[in-house]
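Reading through the structure tokens given below for one structure.
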Amino acid sequence: MIEVKNLVKKYGNHLAVDHLDFTVEKGQIYGFLGPNGAGKSTTMNIITGYISATEGQVLINGHDIFEEPENAKKAIGYLPEIPPLYMDMTSKEYLQFAAELKKIPKDQRKRMINEVMELTKIDSVKDRLIKNLSKGYRQRVGLAQAILGYPEIIILDEPTVGLDPKQIIEIRDLIKELSKKHTVILSSHILSEVSALCDHVLIISNGKLVASDTPEHLGELMAGSNTVVLTVKGSTEKIKSVLNSINEIRDYQITKSMESGSKDIKIQMKSQTDIREKLFFTFAEQRCPILMMDSTKISLEDVFLELTSKEQINEEIPENLQEEVEVKVEEEEQNESNL
Amino acid sequence: MKAIYKKEIRSYFTSVLGYLFIGFLLFVIGLYFTAYNLNYAYPEIGYTLSSSIFVFLIIVPILTMKIMADERRLKTDQMLLTAPVRNTDIIIGKYLALLTVFLLPVILCCIYPVILSSFGSVNFKMSYTAILGFFLFGALALAIGMFISSLTESQVIAAVLSFALLLIMFMMNGITSFISGTAFASLVGLILILIIIGYILYHMTQNYILAAGVSAIGAIICIILYVIDSSKFAGKLTNILSVLNVTEKFSNFAGGTFDVTGVVYYLSLTSLFLFLTIQAIQKRRWS
């Protein structure tokens, strides 16, 4: 469907995209994930033919975007980071223009525009000038433009930025709906969005592809140890002595909880074994009630942070951090008792 | 192309720009028409038109300043350039929309000779030749304005630059008469022009070897030719600069003579600027 081969984009001496290679298969949702300035938008702009690459090749259904731009662009609907809207048009006029620009046959235009407006729920604002629309509606008009003509590939650059939570959920549902018939590529720096939506995640950092897999696989890759999060009532010393008595624990962090007199504990286990029961009974013996317990797998967030900041992190830092946290907790405890 | 043409026409007539352009042009032509043709009973419209061409200096930048610059500023060019449309079609669609807006007052001007004919005898052939020249001249000015607009993101810069370039072209008649016609002056002038070409090349390609090479080789050839036979250089600079003398060609039309070289001149310069506009769009993708 889309083949990106050895893609390089240089701005002067700055390497925005650094030898990127990947393929996009039909009928899946792909997520570009990366911190700001990682080269997500640049890559998307190259794939859609807006800017050219310094080196490398992009094939859309076998058509080179640089050699046969018209054939390649026909298969793509694109919503850039800033929706390309003409402020002095009404939503409907704008979609009519987009339909004509995309060379949709005249007899299908009206039907398609109505369908797309219904899908993106902009029916109610179709006769309002775009400059008078709110950000959420503008985003939806932009999205309507991208899916107009039902291109095989829909590319969305940060489609949910600046929307309120309800709108985000609506747009996500729409994207899921679209993925039934289309291949969707979206970029985001919001991890929960990518892990909730995408079948396949491409993590980009400094223009390089650092990981490409399903969200589950990426999680497992990093796993090896499971994490349990607890809220326990009791003093730090007591909790520490309990935790030290359990062999399966590799590492733990204690922080002050929102509830007074209790602590939040994050425990990392050595193996995959489930120690929740053991935790329950040991804490119960020491008369430290467990107020909350949750077992979490390594989230995509951890993977993301690990992969995009590999250079800065070494093994010493987490331990130091942990000590700092403990010191802080103790100080706070003292303050509390002083009060 | 049709979609872009329709969109542009719409935007000119939903905003004040189109009306401002047409209204101001008709106002100035009407003023001179009243003064020369009606008050002094002068039967030739060409005289009126050649007096009113200065108005292009003001209204062409107003009409063209946002045509490309605004698309870029508002990022709407992302939609145009990622749509399955050729860049050439985008530019031509936009240019045709400009021409259409300009054509409306020109068509209204075609009524003037008819009005005049009711007061006495009018040479229609001469009158309409003058109007054709006026149209060709305006078409060139619009192409120049559009090219300048494609170079920048700012409407203001586009307007000021278009105004400056048009002003230089308008004054070329006066400028060329000031320049000394001696061979040495021509040589210096030619080398200056080569340096400017080199600078433009550098700006467009970011390749200083190419830019410096073109300038240096051109300058060396000029100097060698000058050493061999300096008499050939006399008056050369004025000849070259007169290419930019857009008003001189128009005065032929205004006088009523149908000048084929003038038609070719205007059409080729117009196409050159359209070509440059397309190149400017292409170039932006590469930088």
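Quick reminder: no glycine exception, Cβ is built from N, Cα and C everywhere.
Since we're looking at a predicted model, the values are computed, not measured.
Marked as transmembrane segment by TrEMBL: B:12-33, B:45-65, B:95-115, B:127-148, B:155-172, B:178-201, B:208-228, B:263-281. Marked as domain 'ABC-2 type transporter transmembrane' by TrEMBL: B:47-225.
Panel annotation: around the transmembrane segment (B:263-281), residues 68, 81, 87-88, 90-92, 95, 136-137, 139-140, 143-144, 146-147, 150-151, 204, 246, 249 of the same chain, lying at least six beyond its termini, place a Cβ under 8 Å from a Cβ of the stretch. Residues 1, 4-5, 8-9, 12, 18, 21-22, 25-26, 29, 33, 37, 45, 48-49, 63-64, 67, 122, 124, 127-128, 131, 134-135, 138-139, 142-143, 146, 274, 277 of the same chain lie 6 or more positions beyond the ends of the transmembrane segment (B:95-115) yet place their CB under 8 Å from a CB of it. Residues 45, 48-49, 51-52, 55, 58-59, 62-63, 66, 97, 101-102, 104-105, 108-109, 112 of the same chain lie 6 or more positions beyond the ends of the transmembrane segment (B:12-33) yet place their CB under 8 Å from a CB of it.
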